[in-house]
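Report on the structure given below.
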Amino acid sequence: MKTNTFTEGKWKKFISYYKPYKKIFISDMFFACMGAAVTLIIPLIIRYITSDVIFRDTSESLKTILMLTGSMVLLIILECYCNYFIAYYGHMMGAKMEYNMRNEIFAHYQKLSFSFFDNQKVGQLMSRVTNDLFEISELFHHGPEDIVISIIKLLGSFTILLSINWRLALTAFAVVPVMLLYAFYFNIKMKRAFVKNRARIADINAQIEDNLSGIRVVKSFANEEIEMDKFKVGNDRFVESKRESYKYMGLYHSGLGAFTTLISVIVIAMGAVFITVDIISITDLITFLLYINNFTEPIKKLINFTEQFQNGASGYTRFLEILSIHPDITDKPDAIELVNAKGDISFEHVSFHYEEHSETVLSNLNLHVKEGEYIALVGTSGVGKSTLCSLIPRFYDVSSGCIQIDGTDIRNYTLKSLRNNIGIVQQDVYLFTGSVMDNIRYGRPDATDAEIVAAAQNANAHEFIMNLPEGYDTNIGQRGIKLSGGQKQRLSIARVFLKNPPILIFDEATSALDNESEKVVQESLEKLAKNRTTFVIAHRLSTIRNAEKILVLSENGIAESGNHDQLLAQNGIYADLYNMQFKINGK
């Protein structure tokens, strides 16, 4: 189980989030101290009235009572303002710190490599940005002020109670050590339960995200009941972890309530005894009872703070876990910009495996692709076609060997400039919620509307866009749910037209389309590929018959190379694949 212990490094980073809001923090602490002091002063005024003022002559007594009552009203107004400042400005400080941390973790997500996301669930990552950060912000705001207020009240009440009658004070305090032992024991139990709760809610978030993303598949297979059964397992685990935490929470709070009531009972009982033997007066007992609440309330708040601390600390620990993960792929300190790449690409003795002990996907691969050359990659599933293409934009780094663009190792280029020179059209098109215009503009955010329209025309998308209800301003829904597969693919191609890169990668861009859509998209792709270095991963071999070079990949690397006619003449792997598709298609 992960620990929530705050090391020196964690504390330094925790405190650093307060620095931009130093003035608000100091003001918050000032009003917290003032509000706590007011609660200590009012019972003293009441004691003074009941022990002294009421025994003076009537006129003087009434005059003094009115003056002291007015003073208490002013103190109550002051306390009210202090509480308002703490509630509003203190919470706003916490919200702004949460805002900064959310920006920080979101920016960190953008920097992390593909290898990180390959092993993560989106719902769990979202939980770090939402649930965890809320608990952390509550700790940021309430933690310091609760400690300050509680310590002032606790020490102030303790001192005043001792000054009233030390015997009665020590009698009441005798219960406190047992109360603290009880509280800390159940706090440890709650801490473990809270950590488990966070893990369970993250699992549920991941499961919901997975289900909603694939809701069309669920409904098409009529598997709603199966999904409910799967969800029930995770939800049952969550309820079980909640049941455990609430059990300890119930024992914790009920026990503390019993201890504080016991302290009051002891004070009343012993106070009554002391009054009968003239050790204290009734006035002192009344004052004592007023301060007992001021004494026990901060004890409960401090102990409750440990619960809040466990919530915030477990969230903060999970937050730091993400920030401590460094991307495997970064720019070298002396990385150079790739400007106006020509597109000459070389693979030199390239080997690759996804994880340290996983099976090698590519082994000692050598390949040279000339500027503007159109290369098609074919082969059975799992031979490394997509992997090879993922290495060019450095989504992953080679395990050994190197890839060069225009004679320079791609690891010597900045990632941004490298990827700016590469356009990718994938089978699984991702469109963002928003308008058609916004989604095409994603290819080049500074593009003008006219440039976007031109890109759409080049991608054979302009006509269908103009037939949409609001044309380029039509909202296409999450992931382009309102568009057909072919329409989404053409918007994806329009993005790349707008980006205008010298290197292209088509990763089975037409394999999921019907014949009619495939024909239109294929025309768009061929237009886009003109005079650019292009890699095409093809499922349908009919789409690559015109490729200048076709590489047939096998588990041993490049098994065959040549154009369509040459490979058919070799009567090897490519010919077998082509003939198989020929028979299936009945052509």
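Every residue gets a Cβ built from N, Cα and C, even glycine.
Residues or ranges marked as transmembrane segment in TrEMBL: 21-45 (among others). Beyond the transmembrane segment (21-45), the same-chain residues lying 6 or more positions past its ends with a Cβ under 8 Å from any Cβ of the stretch are 68, 71-72, 75-76, 78-79, 81-83, 85-86, 89-90, 92-93, 96-97, 144-145, 148-149, 152-153, 156-157, 160, 287, 290-291, 294.
The domain 'ABC transmembrane type-1' annotation in TrEMBL covers 29-311.
For the transmembrane segment (65-87), the list of distant contacts is 27-28, 31-32, 34-35, 38-39, 41-42, 45, 48-49, 53-54, 145: same-chain residues at least six beyond its ends, Cβ to Cβ under 8 Å. The transmembrane segment feature in TrEMBL is assigned to 65-87 (among others).
Taken from TrEMBL, the feature transmembrane segment applies to 170-188 (among others).
TrEMBL lists 251-275 (among others) with the feature transmembrane segment.
Annotated domain 'ABC transporter' per TrEMBL: 345-580, in sequence order.
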For the transmembrane segment (170-188), sequence-distant contacts whose Cβ falls under 8 Å of one of its Cβ atoms, 6 or more beyond its ends: 158, 161, 248, 251-252, 255-256, 259-260, 262-263, 266-267, 270, 292, 295, 299, 303, 306-307, 310
Model confidence over the domain 'ABC transporter' (345-580), averaged pLDDT: 86
